[in-house]
């Protein structure tokens, strides 16, 4: 007989009782920085007409996405660690998994879209405004969200079709697909195969678009005649390359390799990077490495004064 599970217990970092309050403060601080940093990025882009270009349109949408992405995980995790209330309802767990998968998958597609945008700008500058028109930009953003929606529906549906007959403990600080799967008493071979095939294909295909685009970009930059043009072209891409490396490196380790559900303890630490750290770093990476954004920020601050 299987008893119906109405709630789960998130036991991530429970084995480190002395550090839980510190982690809670750290998570809360990083979440505030994420929201403030990405909100500032959105406001800077919207207030400066010079930044109303495809590149900054995608960057603005990435900032909105990062706020949503972090908001699904970080506030709940901070409260769990500080108050010790580790329970999450069955429906709440399913909702968290759905939106986390949605925003995480969409971010992977966004990074691929942004790489294609940089490829077009640097390798085909004369056709850039024709190719990257407003209609195509909107289509790419909507397409990224639709792709994320398809993935999260399949992942959440498959995961919560499993039987949960106790213990109800999830060895993670949020309802991630591998961790919830690991807590099931059903045979998860089909689910693991689906996760590996679906997530693996998404990660590999988007990463291929990114790396092929940047392969052509690097070749084009190297062939530029002047050092100044090479420096300018590289400066517009280096920040995106750093963000891409951080995101795909951690996500590939978690979802695109066999046996992802077999190391939940290690996944707790790695998950912090792509759920909390990367959304916080993105606005700083793009701001500190971008002269146009820094110039716009200085101009806005002068107006306020």
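Cβ atoms here come from the backbone N, Cα and C positions, even for glycine.
A TrEMBL annotation is a machine prediction, not a hand-curated record.
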Can you identify, from 57-78, 167-188, the stretch that TrEMBL calls transmembrane segment? 57-78
Spatial neighbours of the transmembrane segment (98-116) not adjacent in sequence (6+ beyond its ends, CB under 8 Å) are 55, 58-59, 61-62, 65-66, 68-69, 72-73, 140-141, 143-145, 147-149, 151-153, 155-156, 174-177, 202-203, 205-207, 209-210, 213-214, 240, 243-244, 247-248, 251, 274-275
Residues of the parent chain within Cβ reach of the transmembrane segment (194-221), under 8 Å, 6 or more residues beyond its termini: 105, 108-109, 111-112, 115-116, 118-119, 122-123, 147, 151, 154-155, 158, 177-178, 181, 230, 233-234, 237, 241, 244, 248, 251-252, 255-258, 260
Going along the chain, which residues at least six beyond the ends of the transmembrane segment (57-78) come within the CB cut-off of under 8 Å? 12, 24, 27-28, 30-31, 34-35, 38-39, 41-42, 45-46, 88, 96, 99-100, 103-104, 106-107, 110, 113-114, 117, 137, 140-141, 173-174, 275-276, 278-280, 282-283, 286
Does the transmembrane segment (268-288) come close to the transmembrane segment (20-45), meaning at least 3 CB pairs under 8 Å for residues 6 or more apart? yes
Restricting to the same chain and to residues at least six past its boundaries, which positions have a Cβ under 8 Å from a Cβ of the transmembrane segment (233-256)? 55, 104, 107-108, 111, 114-115, 118, 121-122, 176-178, 195-196, 199-200, 203-204, 206-207, 210, 214, 217, 220-221, 224, 267, 270-271, 273-274, 277-278, 281-282, 285-286, 288-291
